[in-house]
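Enquirer: Structure provided below as structure tokens; questions to follow.
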Amino acid sequence: MVQLNQNFINTIAQELPAHLSMDDFIAACSRPLRRSIRVNTLKISSEDFKQLMQPKGWTFDPIPWCEDGFWISYDEEEQLGNALEHIQGLFYIQEASSMLPPTALFTPNADWQCVLDLASAPGSKTTQMAALMNNQGLLVANEYSASRVKVLHANVLRMGASHCALTHFDGRVFGEYLYESFDAVLIDAPCGGEGIVRKDADALKSWSLDEVLEISETQKALIESAFLALKPGGSLVYSTCTLNRHENQGVCEYLQQTYGDAVQFESLNQLFDGAEKATTPEGFLHVWPQIYDSEGFFVAKLTKTRSVPRLQPEPKLQKNFPFTEASAKQAKAIQAYFADDLGIELPDDLIMVRDDEFWLFPHEFRDFIGKMRFQRIGVKLADHSKHGFKVRHEAIIALAGKALTAATNGAKVVDVSDEQAKEYLMGRDIPLDTAGKAQGEVIVCYGGAPLGMAKHLGNKLKNSLPRDLVKDKVLLLPPQA
């Protein structure tokens with residue numbers, strides 16, 4: 001049973017728009033959320049995904065503000081996170097409202113090449129933006145919590161987002177270290193979480209205005225840092241999953257009061273059909289749960305019209321960056337290995353070397369070398385030894401998708417059944433029905449997307465899945481009559 005703190009109710013009652021009723025708000029907060037997912041178009045089109053899942057009893061109701069987002073219904077009560085297609089990275093379990101901020105940032109004419117996600121974990125919006133960028137340009141994804149950085153990296157890897165650079169800092173440092181470096185910035189700020197009560201019945205049990213005001217001070221510092229990191233002419237989207245004015249309009253107004261006409265609010269009134277139902281006088285989206293039968297959410301978009309002075313002197317460049325650009329000989333060798341042994345043509349990105357490791361970085365990352373420490377950049381391609389190259393799992397997940405549709409071009413692909421895919425993801429070797437000639441390293445594929453690597457020994461596939469990715473449980477969604 002949802003518990004709404006009376007102080008919260010009293011406060012929200014004063015802020016609820018006149019055309020909405022408090023009874024409807026409380027009723028909406030008491031209803032379970034509709035299940036929603038976003039198709040990962042880095043691996044599969046929405047149409048192909050629907051064709052894949054409809055025989056398994058899924059029905060799809062389009063989310064109006066996300067082309068690849070759907071409310072779904074199906075009969076199974078199992079946890080979707082264990083589904084084979086989820087482990088494979090074909091979809092992300094994401095609440096519908098949380099798909100709004102990337103949609104607001106990536107309007108149809110946006111061509112952002114360098115983007116910052118200031119508070120990224122667990123990665124729903126990061127991977128949504130990676131798909132909108134089609135793994136082009138550079139997406140810097142920051143997360144302050146050390147434990148959540150690991151979750152972020154796992155989701156980036158699972159979804160095949162290859163052009164990300166992960167950082168682990170307090171978001172308040174970006175305006176200093178990466179001043180006016182980004183075409184676009186998303187800040188989905190840490191907040192009081194008033195909008196998620198449908199998912200967490202106790203979210204508002206101990207609500208207090210003092211805590212709200214304290215959080216809003218942190219949010220003001222974060223949005224100012226994000227604004228300083230934004231290039232002139234760039235766009236910033238600020239969002240929260242909370243409902244009070246202090247953490248939403250108040251934070252945006254603070255930024256405009258601080259930087260004057262350098263801050264230009266952009267109306268989101270026409271972002272999607274029906275957006276006007278949630279649009280505030282300033283042009284922000286204030287999504288109350290009863291409007292779209294979703295979580296509560298707030299989204300604001302602004303343009304930085306001119307440069308503003310930096311608050312701190314420019315930091316000195318950091319030394320001892322551990323990567324060097326591959327020589328022409330090294331680059332040719334790794335490209336030949338991927339093409340000849342795996343049937344994968346490496347994209348025209350920056351091939352970097354660290355000791356015996358080969359990595360693929362976005363070209364745009366060059367401008368960031370020495371400015372900040374990064375936890376993880378791009379994709380690790382392979383390790384090199386006297387025996388040759390050994391491909392990395394993450395490279396296959398991020399880069400093999402296009403090769404799998406054209407095995408005749410030389411891609412070494414073994415298609416497996418759903419039962420075999422389950423066995424593979426649980427770390428087991430796969431017996432082959434008929435013995436044949438050993439083929440060495442092959443890409444294991446299910447349903448047109450890669451699962452990972454195996455060694456073809458003629459009579460079986462020897463599993464090469466990294467131990468930390470082995471699953472205890474894999475759910476096969478059964479066909480429905």
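Cβ from N, Cα, C; glycine included.
When I checked Swiss-Prot for this same protein, it listed these features:
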type     : residues                                                                       : note
ACT_SITE : Cys241                                                                         : active site, nucleophile
BINDING  : Ala119, Ser120, Ala121, Pro122, Gly123, Ser124, Lys125, Glu143, Asp170, Asp188 : S-adenosyl-L-methionine binding site
Enquirer: Taking only the Cα atoms, work out how far Ala121 (S-adenosyl-L-methionine binding site) lies from the residue listed as 'active site, nucleophile', in Å, as a whole number.
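Expert: On Cα coordinates alone, these residues lie 14 Å apart.
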Enquirer: Counting across all protein chains present, how many other Cβ atoms fall within 10 Å of the Cβ of Ala119 (S-adenosyl-L-methionine binding site)?
Expert: 22
Enquirer: In three-state terms from DSSP, label Lys125 (S-adenosyl-L-methionine binding site) for me.
Expert: helix
Enquirer: Sequence gap of 6 or more, Cβ distance under 8 Å: name the residues on the same chain that satisfy this around Asp170 (S-adenosyl-L-methionine binding site), in order along the sequence.
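Expert: Listed in sequence order, they are Tyr144.
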Enquirer: If one looks at the chain holding Lys125 (S-adenosyl-L-methionine binding site), which residues at least 6 apart in sequence have a CB under 8 angstroms from its CB?
Expert: Ser98, Pro101, Pro102, Asp117, Leu186, Asp188
Enquirer: The record lists Ala119, Ser120, Ala121, Pro122, Gly123, Ser124, Lys125, Glu143, Asp170, Asp188 as binding S-adenosyl-L-methionine. What's the largest Cα to Cα distance among them, in Å, rounded to a whole number?
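Expert: Per the listed residues, the maximum Cα distance equals 20 Å.
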Enquirer: Under a three-state reduction of DSSP output, how is Cys241 (active site, nucleophile) classified: helix, strand, or coil?
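Expert: The three-state answer is coil.
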Enquirer: Pop the Cα-Cα gap between Cys241 (active site, nucleophile) and Ala119 (S-adenosyl-L-methionine binding site) into the table, whole Å please.
Expert: 13
Enquirer: Please report how many Å separate the Cα atom of Gly123 (S-adenosyl-L-methionine binding site) from that of Cys241 (active site, nucleophile), as a whole number.
Expert: 15
